[in-house]
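Lifted from Swiss-Prot, the feature list:
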type	residues	note
BINDING	C38, H59, E144	Zn(2+) 1 binding site
BINDING	C89, C92, C95, C103	Zn(2+) 2 binding site
Amino acid sequence: MKSVVNDTDGIVRVAESVIPEIKHQDEVRVKIASSGLCGSDLPRIFKNGAHYYPITLGHEFSGYIDAVGSGVDDLHPGDAVACVPLLPCFTCPECLKGFYSQCAKYDFIGSRRDGGFAEYIVVKRKNVFALPTDMPIEDGAFIEPITVGLHAFHLAQGCENKNVIIIGAGTIGLLAIQCAVALGAKSVTAIDISSEKLALAKSFGAMQTFNSSEMSAPQMQSVLRELRFNQLILETAGVPQTVELAVEIAGPHAQLALVGTLHQDLHLTSATFGKILRKELTVIGSWMNYSSPWPGQEWETASRLLTERKLSLEPLIAHRGSFESFAQAVRDIARNAMPGKVLLIP
């Protein structure tokens, strides 16, 4: 079979290997139909951030069951599934409480083991989520990134009737905007530095948009004055400036969910830190996208929203291609910003 393999120093190549075999009774083999490049893959590709090399990345994928182990009786060849990439131990105290993202002995498809940039993959039954028969198979590759924002909503006890502010209009942010609209947010505001992304956010239902390269935090806060209560802010950009911005614009008693992963140190001034106290903000750390019962209500909600056609995915896709085309699109990101979702279609 073919796969896209990463070596150190940003080398991306297409390789041939044997189709993997099922070795354990709780495993399934998936013939991959669509696999998406995640922003978290970029440090693994270009900054030697993977756990080992060579490695096949890819944790956002969907496909069809090709074979099942003897212990799997609820899935059959031809069934459509999406990847659930985290593999916690399920036995430690954290897992027994349903805190799967805090498992210290976890494995992860496409990071700590080879992933879905390939024609086939063998994974545990627990690592696939059954898709409805009427869902387009490509949509299934978006379930994992959709659940990232939904997990933040879950930790905040929902977004219904709240004034939701999404900072960062990348794929995660744009999906979260659509989910907030679909789940009954009172208002949705999008903040980014790209006018193109903000226009997309507006088309997805954002009531208003702020370009943070053109507006100051006090200006944004002034516009948000009538929406200052019952706020839920999602910081999805993952840069120190946007974390500080979130604190600056937050209304009293706002919830602030930190979703984006920082790759630079964050240094808060005493004045900014003081605003967390004075506004009595609730700061929520949001890590991955799992809850109990496994893999979590987030996954059921994502599936439902897709089935109900509440989410628009096509505008998020920048590139579709088979192995060589996909590999070249990945290489191109070294010279240009990631333009949107890049999909491998084996």
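Cβ coordinates are placed from backbone N, Cα and C, and glycine is handled just like the others.
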Per-residue Cβ crowding (10 Å cut-off), top of binding-site residues C38, C89, C92, C103: C38
Cβ atoms near E144 (Zn(2+) 1 binding site) (within 10 Å, other residues, all chains): 27
Chain-mates of C89, C92, C95, C103 with C-beta within 8 Å of site centroid, Zn(2+) 2: P88, F90, T91, P93, E94, L96, Y100, A104, K105, Y106
E144 (Zn(2+) 1 binding site) versus C95 (Zn(2+) 2 binding site) - Cα distance in angstrom: 20
Packing count at C95 (Zn(2+) 2 binding site) (other Cβ atoms within 10 Å of its Cβ): 20
Chain-internal residues near H59 (Zn(2+) 1 binding site), provided their CB is under 8 angstroms and they sit 6+ positions away: C38, C83, P85, F108, I109, G110, S111, G115, G116, E144
